[in-house]
Amino acid sequence: TEQKIKVILEGWLRSFFIRLGWIEEFNKIVTRYVWTIYFCIVFKNCYFYMCVCVYIKYFKLLKVFQGHPAGVRSVKFSPDGTKVVSSCDDNAVRLWDVMTGKKIETLKGHSNWVLNAQFSSDGNIIVSSSWDKTIRLWDVKLGLELKRLEGHSNIVSSAQFSPDGNIIVSSSGDKTIRLWDVKSGQEMKRMTGHSFWINNVQFSTDGQMLVSSSDDTTIGVWDVRSGKRMHQLKGYLGPVWRSQFSPDGLSIASCSSNKTIQIWNVLSGEQVKKLEGHSDMVRDVKYSSDGQTIVSCSNDKTIRLWDVKTGREIQKLEGHSGFVTAIDISADGSMVVSASTDKTIQLWGY
């Protein structure tokens, strides 16, 4: 199709027309985006001509999961990519089978909107956070509530397991970040510094740092062991919705109401790149597991894939009829899942 051809050409042109070092750039684009390559070189009239046939990794809509009676707040893959967990404004958490697109289980217990839900690193437990000020742990196989963590004095906007599964970090409208012991359910540590609601908090892949996003327009980078804030990243004029560490922990990607994605250097705290293209606020942002691609979603009803090195948009996914509120990437990078105020979850792949 015309759209596919455009994606292929733009990806190729980003790297091909370089007088020196084009072989290296060619290899990188092959590794990152291409499945099969055929090319030949012809010598004619003292000029080299190259003919290239490319089959590119092009995402398309695979499935639509339906069953939510209200807007979907969050969506996450299980570590093995076989399941998806979602949260909704109907106070419930739902578990889905990726292969069939069918609902496996509805987890009920929260008394208000569920703002976030995600799996533990082994895929056996789900942690959810809610407007009801609680964090709840659920057994994936049994579909039962295991534990309730209480202590926040305002909404719990997000909760996430540490990579080793022993700690949960949470963020809240009470302006605090808290660490919880999974076994005991007791609060271990409390971090303060933001001056307004905290929208999200995430561990680094090694579990040694945290990154927080707040309505106070700043991003916080925190040391888990000491509980101290290492950096306060500034540059936004409005609320910061989401921030995530790159897999190597050296960069942070963030999104905000200013329609852009910004990439920051963790060590220096400096902004190094700005990705522009969305026409409305950007609600969520994720790195691929290899750190080479960023996926974002927006109130402009689109999902976009970006090349981290060049900052260029690779592909735009359109299908939702409402704001796209959250996205996730499977561990192998072959699928993207999205949630929307249109009450659906959409699965994208190639």
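Cβ coordinates come from backbone N, Cα and C, glycine included.
Per TrEMBL, repeat 'WD' is recorded for 65-106 (among others). Shown for the repeat 'WD' (65-106): DSSP residue counts in helix, strand and coil, namely 0 helix, 24 strand, 18 coil.
Per-residue pLDDT, averaged along the repeat 'WD' (107-148), amounts to 97 for this model. Annotated repeat 'WD' per TrEMBL: 107-148 (among others), in sequence order.
The annotation repeat 'WD' is assigned in TrEMBL to 149-190 (among others). Long-range contacts of the repeat 'WD' (149-190) within the same chain: residues 115-116, 118-122, 125, 127-131, 133-137, 196-203, 205-207, 210, 212, 220, 222, 224, 227, each at least 6 residues beyond the stretch ends and with a Cβ under 8 Å from a Cβ of the stretch.
Positions annotated as repeat 'WD' by TrEMBL: 191-232 (among others). Here the repeat 'WD' (191-232) has long-range neighbours at 116, 154-155, 157-158, 160-164, 167, 169-173, 175-179, 238-245, 247-249, 252, 254, 256, 264, 266, 269, meaning same-chain residues at least 6 beyond its ends whose C-beta is under 8 angstroms from one of its own.
Annotated repeat 'WD' per TrEMBL: 233-274 (among others), in sequence order.
Look at the repeat 'WD' (275-316): DSSP puts its residues at 0 helix, 24 strand, 18 coil. Sequence annotations record features per position, and here TrEMBL assigns repeat 'WD' to 275-316 (among others).
Beyond the ends of the repeat 'WD' (317-350), by six or more residues, the same chain brings 57-66, 68-77, 79-81, 84, 86, 96, 98, 101, 283-284, 286-290, 293, 295-299, 301-305 to within a C-beta distance below 8 angstroms of the stretch. Residues or ranges marked as repeat 'WD' by TrEMBL: 317-350 (among others).
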For the repeat 'WD' (275-316), find every same-chain residue at least 6 residues outside the stretch whose CB is under 8 Å from a CB in it, and list them.
7, 10-11, 14, 32-33, 58-59, 238, 241-248, 251, 253-263, 322-329, 331-333, 336, 338, 340, 348
